[in-house]
Structure formats: structure tokens, C-alpha cells
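Take a look at the structure set out below.
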């Protein structure tokens, strides 16, 4: 297979893993409190990636720039996953997935705030479509439940994480950069879990819990964030965000296959409008004369 489409294939695979694991996480946090789940998940992922780097990759994890950038971006990653996981206590995995997918509509505002990049008119049209979709999906903006609001906050945090990753990944070694992000999420989640949550250790022996921890640690965390960081060395944050709009589609699919939860006609219209909106937010409207070939550099 040509390497031309390798970055896109990696991002589609990440979107699939994130979308499908919405249901897995939702089942797990019925037994294990959300921040405890996040702390354990990201700690296992941290250990896995640390070992892979130490045994095979051997990149310097004590690089000062990687530490500072990893901790800073890791905090927004913590906010994103913390709000996302907590939202699953109050809304369906399909709806949480759709609201989380709105992060692509926020990416232009993040790049404007941090990097003074102008917001294009097509982006504003895309955002309008997304807002209309939210109205149809939730019934009304006022009537949104707590889970939907938490998922929207998650979208903002993920938008910041995507934009900052695109800015710093070209300057840093991939594995130390991601390792410090994972450790930051572990520590932040662990602090909240220690103060506000409690659970019996035997809960970790339940199949729904340990299966969710292993699957999300290996695939939805290590594979996902190493893959995202490698890809963002090659292509723009906007393209990454556009492809990540597939995540809520996979989330709704997983919700249907596992929980047999279907969306109404109006909700389907809302979902369609959101997807159209987040695509229009960053899609290039100019036809390029020649498309450059992109490969995935495994540095």
C-alpha cells in the first residue's frame, strides 16, 4: 500500500478506536469512579510507553522542552478526558461522542488565540451548521443536560490539545512528548480521585473494568496519542481535526451495536448538520494544482 495515505489511515484508525471505546468506558465507570478509571488507564498507558521507549526507541525523556510542553498540553488532555468520561455518567455514549466531535469547530478559535491565525469565512459557516445541529440533536440549547455540557467543555479542551500538539510536535521527540502528557493526566486524575472518590480494590477484577483499562490503555491511549503526534509532524491540525470528526460516527455505531440505542429522525438531521458543519469549518475550498505526497516519519 502506498505511504501516501498512511497518515489518514492512522487517524481513521484512531477515530474508530476512540468512538467504539465510548461504550466500553461507559460500562466501566458504572463500577469504577471516572477519575479513578482515568488515573489507572493513563498510568498503565504511561508504563507501557515508558517501557517501549526505554527498550526499543531510546529517546531522551528528560529533555526540558519535552517535559514542559508535555506537562502543559497534558493538562488540557486531562481536562478533555476528565470532562468526557464524566459526561458519560449523564448522557449516552453516542451523544457524548457527537458533542466531543465539535472540537474541530473550536480549533480555528484556538489557533487564532494562540497563534494569531485568521478565521476564514467558510469556518464561520461550518460553526453555524454545527450550532444548528446541536439544537436538533438536543431538542433545545436550554434543555441540554449536564452530560452534553460537559462533553462540549471536553471539545474545547481537545481543540486546544490538537492545536498545541501541531505547534510543538515538529520541534520535539515524539515519545518523551507523549510520555509526559500521559503522566500529567495520571497525576491530575489521581489527585481528584484521592479527594473525591473511593472504590473497593476488588472492583478491578471485574471483567468490564479490567478489559476497559487494558483496551483503552493500549489502543485508545498509547496507539492513539503516539499516532496523532507522529501524524501531526506531517499534516496540519485542521486536517487532523477534520478526520477526527469520524469519531462520533463510530461512537453512535458502537452505541447502536452494543446498547441498541437509535437516534430519532430529528436527531439524525442534527448529527448530519454537525458533521457537515465541522467539515466545512476547515475544508479547503480552493482546488490545489498539485497535492504533495505525505509520509509518516517515525521519529
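Every residue, even glycine, has its Cβ placed from backbone N, Cα and C.
According to TrEMBL, the feature transmembrane segment maps to 9-29 (among others). For the transmembrane segment (9-29), the list of distant contacts is 37, 85, 88-89, 93-94, 96-97, 208-209, 211-213, 215-216, 219-220, 223-224, 227-228, 230-231, 240, 243-255, 258-259, 296: same-chain residues at least six beyond its ends, Cβ to Cβ under 8 Å.
Looking just at the domain 'EamA' (9-138), the mean pLDDT is 86. If you look up TrEMBL, you'll see 9-138 (among others) marked as domain 'EamA'.
For the transmembrane segment (35-53), the list of distant contacts is 25, 28-29, 59, 61, 78, 81-82, 85-86, 175-176, 178-179, 182-183, 185-186, 189-190, 192-193, 196-197, 199, 204, 209, 212-214, 216-218, 221-222, 226: same-chain residues at least six beyond its ends, Cβ to Cβ under 8 Å. What TrEMBL lists as transmembrane segment is 35-53 (among others).
Under the heading transmembrane segment, TrEMBL lists 65-90 (among others). For the transmembrane segment (65-90), the residues of the chain that approach it from at least six positions outside its boundaries are 22, 25-26, 29, 34-35, 37-38, 42, 96, 99-100, 145-148, 150-151, 153-155, 157-158, 160-161, 164-165, 168, 171-173, 176-185, 188-189, 192, 225, judged by C-beta separation under 8 angstroms.
Summarising the annotation, TrEMBL assigns transmembrane segment to 96-115 (among others).
Annotation comment: TrEMBL describes 122-143 (among others) as transmembrane segment.
The domain 'EamA' feature in TrEMBL is assigned to 146-280 (among others).
What TrEMBL lists as transmembrane segment is 149-165 (among others).
The transmembrane segment annotation in TrEMBL covers 177-196 (among others). Tertiary proximity for the transmembrane segment (177-196) is limited to same-chain residues at least six positions away from its ends with a CB under 8 Å from its CB atoms, namely 33, 35-36, 38-39, 42-43, 45-46, 49-50, 53, 61, 66-67, 69-71, 73-75, 77-78, 81-82, 168-169, 221-222, 225-226, 229.
The transmembrane segment annotation in TrEMBL covers 208-226 (among others). Within the same chain, residues 13-14, 17-18, 21, 24-25, 27-28, 30-32, 37, 40-42, 44-45, 48-49, 52, 77, 174-175, 178, 181-182 sit at least 6 positions outside the transmembrane segment (208-226) and bring their C-beta atoms closer than 8 Å to a C-beta of that stretch.
Under 8 Å from some Cβ of the transmembrane segment (238-257) lie the Cβ atoms of residues 8, 11-12, 14-16, 18-23, 92-94, 96-101, 103-104, 107-108, 159, 162, 166, 228, 231-232, 263, 271, 274-275, 278-279, 282-283, all in the same chain and six or more residues away from its ends. Summarising the annotation, TrEMBL assigns transmembrane segment to 238-257 (among others).
Marked as transmembrane segment by TrEMBL: 263-281 (among others). Beyond its flanks by at least six residues, the transmembrane segment (263-281) meets 94, 98, 101-102, 104-105, 107-108, 122-123, 125-138, 241-242, 245, 248-249, 252 of its own chain at Cβ-Cβ distances under 8 Å.
Here the transmembrane segment (149-165) has long-range neighbours at 69, 72-73, 76-77, 79-84, 86-87, 90-91, 95-96, 99-107, 109-111, 114-115, 228-229, 232, 237, 240-241, 244, meaning same-chain residues at least 6 beyond its ends whose C-beta is under 8 angstroms from one of its own.
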